[in-house]
Amino acid sequence: MSNEKKLAGEAAIRFVEDGAIVGVGTGSTVAYFIEALGAVSDRIKGAVSSSEQSTALLKKHGIEVLDLNTTGELTLYVDGADECDPHKRLIKGGGAALTREKIIAEASGKFVCIIDSSKQVDVLGKFPLPIEVIPMARSLVGREIVRRGGHPVWRDGVVTDNGNWVIDVHGWQITDPVALEADLNQIPGIVTVGLFARRGADVVLVGDREI
Ligand code: 5RP
């Protein structure tokens with residue numbers, strides 16, 4: 001699978017336009033993209049990063065990291081995913097970077113998602129759905145998830161770059177991800193739901209193959 005991740009990371013370079021500020025996600029597949037981006041760093045203006053982890057990698061590869069508040073809209077966002085359905089709707093957040101990832105995806109004209117074939121599913125939900133929560137709301141959110149038939153598991157010990165906690169929801173077959181994303185977004189204390197359904201990917205690369 002890591003060869004497919006590498007192929008996908010490298011294939012995404014073809015979407016990078018000269019002079020661009022590139023939105024960059026987080027994870028092991030994105031690490032290959034950052035490495036490839038480093039090789040063409042002289043033809044981009046810089047990057048907006050979705051995590052402290054990616055910021056460190058970008059800097060290591062000589063890429064300037066810019067603040068989204070100063071860049072305006074981005075043309076391109078490249079990120080991985082934990083699951084991808086046939087409609088390019090995603091589960092993300094396995095690396096706990098979902099909030100900044102969702103912000104950058106929303107701010108970008110084109111979201112290119114880079115995955116290996118193990119991430120392709122017919123129905124989202126086998127991978128536990130990550131939800132970032134304000135720490136004091138953990139139990140409240142957990143009860144709301146149970147009411148909806150899910151099994152919440154606190155990712156104990158993990159603190160996000162935003163100082164929050166993550167709950168992973170097991171046991172959901174997510175047949176209507178747009179509706180579930182909207183429903184969960186109403187619960188006080190939820191910062192971000194790791195469903196990228198309302199704003200899914202525009203392009204998905206499985207290895208170097210576009211689907
Ligand atoms: C991080 C993410 C990642 O994109 C997702 O976990 C996939 O990671 P990897 O490329 O390492 O398989 O959403 O929050």
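Cβ from N, Cα, C; glycine included.
Just so you know, the Cβ of E101 (active site, proton acceptor) picks up 31 other Cβ atoms within 10 Å once every protein chain is counted. Under the DSSP three-state reduction, E101 (active site, proton acceptor) is assigned to helix. Sequence annotations record features per position, and here TrEMBL assigns active site, proton acceptor to E101.
Taken from TrEMBL, the feature substrate binding site applies to T26, G27, S28, T29, D79, G80, A81, D82, K92, G93, G94, G95, K119. Counting only same-chain residues at least 6 apart in sequence, those with a Cβ under 8 Å from the Cβ of K119 (substrate binding site) are G80, A81, D82, E83, C84, V206. DSSP assigns K119 (substrate binding site) to a helical segment in the three-state reduction.
D79 (substrate binding site) falls within a strand when secondary structure is assigned with DSSP. Close to ligand 1, meaning a Cβ under 6 Å from one of its atoms, are these of the binding-site residues T26, S28, K92, G94, K119: T26, S28, K92, G94. Taken over all pairs of the listed substrate-binding residues (T26, G27, S28, T29, D79, G80, A81, D82, K92, G93, G94, G95, K119), the Cα spread reaches a maximum of 15 Å, rounded to the nearest whole number. Looking at D79 (substrate binding site) and E101 (active site, proton acceptor), their Cα atoms lie 8 Å from each other. For T26 (substrate binding site), the same-chain residues that are 6 or more apart in sequence and have a Cβ closer than 8 Å to its Cβ are S50, S51, Q53, S54, D79, G80, G95, A97, R100, E101.
The number of other CB atoms found within 10 A of the CB of K92 (substrate binding site), across every protein chain shown, is 30.
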